[in-house]
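The Mo-molybdopterin binding site feature in TrEMBL is assigned to ASN91, TYR94, GLU95, CYS149, THR184, ASN232, ARG237, SER248, GLY249, LYS250. Under the heading domain 'Oxidoreductase molybdopterin-binding', TrEMBL lists 111-266.
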Amino acid sequence: MLIKTNDDGFIHPVPGEITPRAAYQNRRELLRFMASGAAGGTLAAWAGRQALAQQVQRPGKLAPLPGTRSAVAGAVTMEKVTDYKDAASYNNFYEFGTDKADPARNAHTLKTTPWTVEVDGLVKKPAKYAIEDLLKLSAQEERIYRLRCVEGWSMVIPWVGYSLARLIEKVEPLGNAKYVEFITQADRATMPGLRASVLDWPYAEGLRLDEAMHPLTLLAFGMYGEVLPNQNGAPVRLVVPWKYGFKSGKSIVRIRFTEQEPRTAWNKAAANEYGFYSNVNPNVDHPRWSQATERRIGEDGLFAKKRKTLMFNGYEAQVGQLYAGMDLKKNY
Ligand code: MTE
């Protein structure tokens with residue numbers, strides 16, 4: 001996201017690996033791209049990702065976590081699901097490094113047992129849940145959601161979890177609770193990325209209470225029918241499909257109900273670039289780039305035309321009413 005201007009791959013391709021592919025695609029486009037100076041890093045990053053994706057742990061190695069197909073409106077798309085190896089090897093999880101390949105390389109150090117999630121703040125029944133109890137709180141559903149990152153890429157992932165609303169109902173928010181803050185794990189011993197001060201740790205995110213209660217907001221424990229791999233936010237993360245990916249905090253340890261809008265990690269780092277709402281919106285550009293188009297990881301090649309980004313990431317029918325009357329340019 002912020003700070004890195006290109007994500008130079010960790011494995012640099014030998015020219016023979018990349019030239020043939022480029023040659024049969026669009027030579028002229030490639031030459032123009034090369035001339036822009038961006039090509040070296042991008043191609044190297046692309047080749048690095050291909051190599052890492054081949055090494056990533058394949059489905060079947062992690063414990064199964066089946067869920068029945070969700071009946072929540074909009075929770076299942078017919079779009080082609082992203083390959084597991086891409087979803088598990090191209091991530092942002094800055095606690096393990098800022099390169100997209102770092103989480104898959106480094107997150108094996110994350111210790112996910114024992115794990116507890118504290119739910120507190122403005123609630124009648126604050127509680128500390130062991131991850132095993134949190135898992136059993138509601139029936140698991142499989143939901144196939146698009147995840148759209150602010151940097152212009154997207155994936156379609158079958159998540160396993162349940163609506164966060166189930167947990168919120170259990171703890172009974174008080175009348176003055178207006179927001180929900182999500183605080184994630186920050187353990188220097190197991191998270192090498194914490195040594196860099198790119199963000200104010202712990203990574204924190206927030207939602208308005210009605211957004212958190214929306215049936216599409218998912219507390220996720222698994223993906224592709226298995227428990228989450230560490231790099232995707234094990235053992236529990238959020239998935240808010242109509243918002244940019246950074247709103248979906250990984251490896252959550254605390255959920256706190258507040259009256260004031262909580263500060264968030266990316267908003268603290270660059271308030272003019274990352275607002276509190278962060279709804280996917282093709283009409284509101286990031287100050288440094290357009291948000292109108294996106295590339296589907298593993299599907300839209302480096303030279304393919306990008307696809308148009310949809311308002312609220314395609315979930316407008318389900319969530320548009322949450323923002324009725326709001327100026328979405330101001331509340332970005
Ligand atoms: N959660 C934590 N704790 N740390 C992070 O750096 N990155 C966010 C989000 N959650 C991040 C995080 C960003 S920028 C994105 S795009 C998504 O995780 C990536 O999620 P994915 O692994 O499912 O692709």
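Each residue, glycine too, has its Cβ placed from N, Cα and C.
Just so you know, TrEMBL annotations are computer predictions that nobody has curated.
Known features from TrEMBL, placed on the structure.
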residue	record	DSSP class
ASN91	Mo-molybdopterin binding site	coil
THR184	Mo-molybdopterin binding site	strand
ARG237	Mo-molybdopterin binding site	strand
GLY249	Mo-molybdopterin binding site	coil
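Less than 6 Å separates the Cβ from ligand 1 in the case of THR184, GLY249, drawn from the binding-site residues THR184, ARG237, GLY249 in sequence order.
Proximity of ASN91 (Mo-molybdopterin binding site) to non-local residues of its own chain (separation of 6 or more, Cβ distance below 8 Å) is seen for LYS100, PRO103, ALA104, GLN231, ASN232, given in sequence order. Just so you know, the Cβ of THR184 (Mo-molybdopterin binding site) picks up 23 other Cβ atoms within 10 Å once every protein chain is counted.
Cβ neighbours of GLU95 (Mo-molybdopterin binding site) (same chain, under 8 Å, six or more residues apart in sequence): THR184, GLN185, ALA186, MET191, PRO192, GLY193, LEU194, TRP201, TYR203, SER251. Fewest other C-beta atoms within 10 angstroms, among the binding-site residues ARG237, GLY249, are seen around ARG237.
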